[in-house]
């Protein structure tokens with residue numbers, strides 16, 4: 001009896017240890033998927049703006065008139081899959097790395113530069129894992145902007161991944177992975193590091209209440225994350241959406257070529273196309289993701 005009871009206790013302790021390890025990843029993925037359901041329409045408008053469909057008002061008006069309300073959630077399955085992979089790895093690894101760093105720092109708050117480095121690392125990890133789903137998402141969101149003969153007509157995220165693999169090869173799943181990784185590193189550094197720092201500022205320095213702290217920190221974090229990551233997001237969207245012409249030639253040879261051509265044609269501000277919408281997209285995502293722990 002004593003042995004059986006001891007074994008049960010050991011099993012319970014082991015289960016608790018496993019849950020403690022995977023909890024940041026499970027919570028990260030779940031909160032990211034919840035956030036996607038909130039910001040998917042904003043993300044759709046952002047992508048259309050980057051593809052030259054007009055201002056936020058024009059894009060919204062045209063989508064409602066030509067495609068209906070449901071078009072704002074086109075690619076939702078890919079968006080959810082992206083969060084289940086990318087955000088699970090990104091937020092999970094960020095919390096694990098942060099907890100270990102705090103432990104080594106004897107429980108004291110981490111300096112901003114250390115938070116930023118952890119954010120860069122976690123962003124790179126998440127982007128490598130989530131790049132295929134991100135590619136599927138961009139293509140599904142951009143499909144309606146293409147001529148009818150060039151549309152891919154993916155039914156859902158898994159159909160998109162199957163078609164990409166079958167038509168272009170398995171390595172094509174990581175098309176645009178370079179700017180995706182850099183964008184994720186920049187966004188993660190700006191979002192996660194500035195959010196924690198902003199929470200400390202609003203709560204400890206200004207004495208703000210819980211709701212005011214969350215709103216204020218999310219706004220600050222969303223701004224910095226957008227400023228850091230939007231240029232890379234713009235390049236990523238162009239690379240992932242592009243198709244070969246009749247001669248089999250792509251408009252861009254790669255990410256650097258895309259960046260150079262964009263800079264020559266529109267200057268540095270071209271990379272910040274849709275910045276207000278991008279900020280609005282990031283802020284609620286920060287709010288939901290960071291407070292679902």
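Glycine is no exception: its Cβ is also placed from the backbone N, Cα and C atoms.
TrEMBL annotations: computationally assigned, not manually curated.
The repeat 'Solcar' annotation in TrEMBL covers 19-100, 110-201, 209-293.
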| query | Under DSSP, the repeat 'Solcar' (19-100) has how many residues in helix, strand and coil? | reply | 73 helix, 0 strand, 9 coil
| the repeat 'Solcar' (209-293): DSSP-derived helix, strand, coil residue counts | 65 helix, 0 strand, 20 coil
| task | Please work out the mean pLDDT for the residues of the repeat 'Solcar' (209-293). | result | 86
| field | Helix, strand and coil counts within the repeat 'Solcar' (110-201) (DSSP) | value | 79 helix, 0 strand, 13 coil
